[in-house]
Every structure is written in structure tokens, then in C-alpha cells.
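Some features that TrEMBL has for this protein:
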type: ACT_SITE; residues: Asp48; note: active site, nucleophile
type: ACT_SITE; residues: Asp50; note: active site, proton donor
type: BINDING; residues: Asp48, Asp50, Asp220; note: Mg(2+) binding site
type: BINDING; residues: Asp59, Asp139; note: substrate binding site
type: COMPBIAS; residues: 8-17; note: compositional bias 'Basic and acidic residues'
type: REGION; residues: 1-22; note: region 'Disordered'
Amino acid sequence: MARARCRQLRDGPKEEPAGPGEDVVQTAVDQRAEMSAQPQPRFLVLFDFDETLVNENSDDAVLQALPGQQLPDWLKSGYREGHYNEHMQQILAYMAERGVSRDAIRSAVESIPPAPGALALLHFLQGHQRDFELAVVSDANMYFIDTWLKCAGVRHLFRKIFTNPASFDAGGRLVLLPFHAHSCPRCPDNMCKQVILREYLALRQKERGAPFQQVFYVGDGANDMCPSLALGPRDTVFPRKDFPMHALLKSEGAKFKANVVPWTSGQDVMNCLEKIAEER
């Protein structure tokens, strides 16, 4: 029973069903008016996904659905540096050829454990949605992330997910595409998280009429360094302790303007954000 493994946030808000004759269709005008009447979150929190929200690499985790649970050597050796998205496309095609079903992939994704303290952190943020806007910036893919967040009961907390498009075709194959093209020399060819961050901050400032007071970035990997370099002295970066991002920060710290708070559990991030939220 794959669905039974889904982890739900305790005491989360429940949606009430519409009553008889109740109009559940809201116009775009109504929605805009409602949003403009609500106070805007003061802070933006960006999360990586693999080994940040979840405790494994989701691309590796889905291999558990393969017969034998491992890739052939010829496929492993086909990886080219900077072209991981292309490599993962080949892996997903191979999985389809071996008869791995959509249900098997979904079950493998739903079985990925959360990172230590991740659900407690999201539970805290659920109670502070007026203070914090949340987004995911990840080089995984939309199907994996959306599936896991829904299973964990936290999808509604995230205003935006920036990741590689992925969906099943008519033949049951999960088709992966690159997120965008860019010219950043330090990032993989399919995604520069700094480009995403800068564009999103500019868009939200235009929509909100003011910038966020502070930006927080929670990550673990080498590709989380590039967006972190765009943050300023009021912002904070949370690298997972003893993971690649943390090691790079130690060697490239002179380039950094943001505050750095290493984490081993989501509790470490929550402690920091809790203090920030209390400062009015």
C-alpha cells in the first residue's frame, strides 16, 4: 500500500467540503482582490529538494523500482560532466524499457524519507505563512517533487517550484526535459539557480511593490553555491553540514556576503527563522 506510507504533517489545516449550492468557483478578479487584501510575507525561504527536504537523491531512490535495483555499466559510463539532465533522460527511458510502471516510480518516490527535522521545519513554517513565502529550486524534476510534497501533505506551502519538467507520455514513460538554457559557466547546462533566483526576486518585487526584507536559502549541493553568491549581507544561507555546499563555502568564503548557518537538522533552520519571525 504505497499511499499508506505518505507522511502527513500533524495538526495541519483541513479543507472543508463545499456545501450544497455553494459556489466553489472563484474568478481571477476575486482572487487578486483577496491576495491584495492579505499582508505580504516579509521573508522568502528557498529550498533545494534532494538531500535537503528529502534525505536521499530522488534520482537514485527511484532505481529501487528497477529489476535488480541497479543500472548496467554501459549506462552508468555514459554520463558527461555538466550534462546530468541528459543522462537522467536516458535512465528514465531505460526504466520504461525494463517495464518499470508509473505506480512503481510513484511508490519509490513516496518512500523517500524526509531529511532530519524537515517536516518539523515545514510544520513551523505552516504556522507562519504570513511571515514566510516558500519556494523550491531543484535540479530534480517536477514529478518527483510534486509527488513527494503531496504525499507529505505540504505541497500547499510552496508558492512556486522551479525544477525540470517531467510527465508521463502515452506509453507510460516518464519524460524529462531541461528547465532552461543559460550562459553561467559554473552550473550544469540545464539549470542555473542564480538566474532563477534573480528573476524570481525581480518578479516578486514588481508584484509586491517592495522587495523581501530577507532571503533564506536552504541547500546541500555544489549547485546551491551559485544562487547563494547572489545573496546580500542581510540574507542567510543554510548549507547542510559536511555536504558539498558546506565544503565549498569553507574554501570560497571570501566571495560570500550572506550569513552562513550550517545545519544537520531542520531544527537548526527553524531556530534561526523563529528568532527572525519574532522580530517585528
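If you go along the chain as it appears here, the first residue is 1 and each next one adds 1.
Every residue, even glycine, has its Cβ placed from backbone N, Cα and C.
Cβ neighbour count for the residue listed as 'active site, nucleophile': 26 (other Cβ atoms within 10 Å of its Cβ, all protein chains included).
Other than the site residues Asp48, Asp50, Asp220, same-chain residues with C-beta atoms no more than 8 angstroms from the centre of those residues' C-beta atoms, the Mg(2+) site, are Phe49, Glu51, Thr52, Leu53, Ser138, Gly219, Gly221, Asp224, Arg240, Phe243. Residues within less than 8 Å, Cβ to Cβ, of Asp139 (substrate binding site) and separated from it by at least 6 positions along the same chain comprise Asp50, Tyr84, Asn85, Thr163, Asn164, Phe179, Pro188, Asn190, Met191, Lys193, Asn223. Take the recorded positions Asp50, Asp59, Asp220: by the count of other Cβ atoms within 10 Å of each Cβ, the lowest one is Asp59. Note: the CA-CA distance between Asp48 (active site, nucleophile) and Asp220 (Mg(2+) binding site) rounds to 7 Å. Cα-Cα distance from Asp59 (substrate binding site) to Asp220 (Mg(2+) binding site): 16 Å (rounded to the nearest whole number).
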